[in-house]
Structures are given as C-alpha cells and as structure tokens.
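Engineer: One structure is given below, represented as structure tokens, and several questions about it will come after.
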Amino acid sequence: MDDNKSKALTAAVGQIEKQFGKGAIMRLGDNQAMDIEAISTGSLTIDIALGIGGLPCGRVVEIYGPESSGKTTLTLQVIAEAQKNGKTCAFVDAEHALDPVYAEKLGVNIDELLVSQPDTGEQALEICDMLVRSGAVDVVIVDSVAALTPKAEIEGDMGDSHVGLQARLMSQALRKLTANIKRSNTLCIFINQIRMKIGVMFGNPETTTGGNALKFYSSVRLDIRRIGAVKEGDEVVGNETRVKVVKNKVAPPFKQAEFMIRYGEGISKEAELIDLGVKQKLVDKAGAWYSYKGDRIGQGKANVMKYLKEHPETANEIETKIRQELLLSKTVKAEEALPQGEDDVLPE
C-alpha cells in the first residue's frame, strides 16, 4: 500500500475508534480471541463430531428433532458440564416442562441453575437478551422456539389467524441478540421442534418452527433422532440416538455421532468409551471379551460398562487418549476452520 493510502487508512481507523470506541475496527490477525472456547456436550462422540470438543461459546446453536429424541436431555448435559467448570447457566423454560428431579439425576446443580418460565415469547426473548447483556451468564438455553408464543396470539381468541408472527419475533430477537452474544462470549442454545410442510411431493417435508432466521444466525445446527431402543431382557432401558451436525461454521460440517441415552441417567459415557476405544484400538476386543493394556476388563459390553463406572481412573485415562487422538486440541484456530455458507444444507 502506498504512503498516501496508508495515512488515509490510519486516519480513518483513528476516527472510527475515537467515535465508536477502541476495538470497533481491527485487523483480523490482531484479534486476541482467535481460539474458540468450547463447552463439552457431555457426549464424547458429539464433541468429536463438532470438531472443537464441544459447542462454541459466543455463538448461537440450534438443536432440533422429533418428540422424545433427547433434545432437552442433551442441553441439560451441556449445563452439567458447564457447571463443572464453574460457569453460570440459565434455562428459559417456555414449555413449562422442566423436571428438576431429572435434571439433578443428569448432574445439574439445580441450586445454581437460573430458571425462568415466561408467559409470552416477547418476555422470554427479552429475559434471554438481558441475561446475555449482563455478561455474567455463560450458557443460556431456550426450550423451545415452538413454545415462544407471541403476545398478540395469547391475547387473541382461539382460532384467530396470526400468520408469520412467530417468525417476525424470532427474526427481530436474533438481530438484537447476536452482537450481544458475541460480545459477552455466551453460548446460546435454542431447542426447536419439527413440523411438516404440506404438499411436498419430493425432498424432505420436515421443517423447523419460527421461520428461517434461526437457521442463518446459528453457527451450529444439530439434528437429533432416536434410532432404536436399548433393552435389558424384555425391558426397554434407553434409546439409541443419532446426532447429525447439519451446519457447522467453526469446523467441517456433516459429521454424525451415535450414542446411548439411558432413562434416568442421560448419555452413557461408558458405552461411548468402549465403542471409541475399540475403534481407536485402545481397547482390545476378542469375541465377547474386552481388554485394556493386556488386562481383561469384562465379558460383554454391559460388564465392561459396569467396570468403567467402578474404575473412573481407567475411564478418564481412555477418554484422555481418545481426545488426544481425535481432537488435536479442545479449541480450533479460526484460520483452520472450514468456511461454510450460511444457507448450506445437508444434501439429500
């Protein structure tokens, strides 16, 4: 750059900083926060699929799926992991269906968790914005977008038509929220439900509620599905669950994670460790027997899970080795992250 242009640029940058404050404009390489801090999801396979070891702080995340697929369970596990690291979490319960007993079973410290049960969608999003702007809350969960009912709809009569009200509400709220979320480095998770588009002959008829704004503003979108039942004898004790990373702006997208959710316990970390341990050749499998470092640790997956529960030091050792092999670090450099368009969708 020639001297005249350089002087003009320096003067312009100086004027911008004087008017709008230091940090209003900077060179990308000058930014200290090049590393993206991540909060673990409580599932090792999802952390690996996300590429940075968890959900990114300072970003909007959308988790959607059919009913009883494990959306709320996954977000409660995120809260439990965040609280273990001394972070403050808030749960905006628009569905009025949060079960504190179940949350406690998943490891959530309910005495420290902030909970709000708002009356209207506007109130819910205003509370969310105020918590984010405070800078004191690290994780905010909104459960769910479908339950964010606009005030006009609540005050109107049953059967009144309110076309696009919720979509407009979400669009306006996200325009306000995103800058504050980035500034305060808060992880904001929106849980969403699935609806069917009428008259779709070809392609996927499924869509999420609340319009398209959330799809664009989200840095990570997770599609969670129940793919089978976990049985002990004739009794169903849990779900086999699959998560697809439909959109990821901080690492390569379209990865999948499969794990087990046990009723009353949440995501089974031991089952993940066994599957990933065998895959990475850290755990040896011969027939039904599993061995670690030459020592037999159990016959059959159920017995090995029991062994790992009773020997947490072995479980932690296996987890550390898996993370070292599959995640180079818990954060990813911004320049290493794969760029992805905002309107990229999972191919059919």
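Glycine is no exception: its Cβ is also placed from the backbone N, Cα and C atoms.
Copying in the features that Swiss-Prot gives for the protein in this structure:
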BINDING   Gly65, Pro66, Glu67, Ser68, Ser69, Gly70, Lys71, Thr72  ATP binding site
Engineer: Using the CB centroid of Gly65, Pro66, Glu67, Ser68, Ser69, Gly70, Lys71, Thr72 as the ATP site centre, which other residues of the same chain sit with their CB within 8 A?
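Structural biologist: Filtered neighbour residues, in order: Ile224, Arg226.
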Engineer: Let me check the 10 A CB neighbour count of Glu67 (ATP binding site). How many other CB atoms are there?
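Structural biologist: Counting Cβ neighbours of Glu67 (ATP binding site) within 10 Å gives 8.
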Engineer: Enumerate same-chain residues with a sequence separation of six or more from Pro66 (ATP binding site) and a Cβ-Cβ distance below 8 A; give 'none' if the list is empty.
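Structural biologist: The list for Pro66 (ATP binding site) reads Ile194, Arg225, Arg226, given in order along the sequence.
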Engineer: By a simple count, how many Cβ atoms lie within 10 Å of the Cβ of Thr72 (ATP binding site), its own Cβ left out?
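Structural biologist: Its Cβ shell of radius 10 Å holds 23 other Cβ atoms.
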Engineer: What count of other C-beta atoms do you get within 10 angstroms of the C-beta of Ser68 (ATP binding site), across all chains shown?
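Structural biologist: I get 10 for this one.
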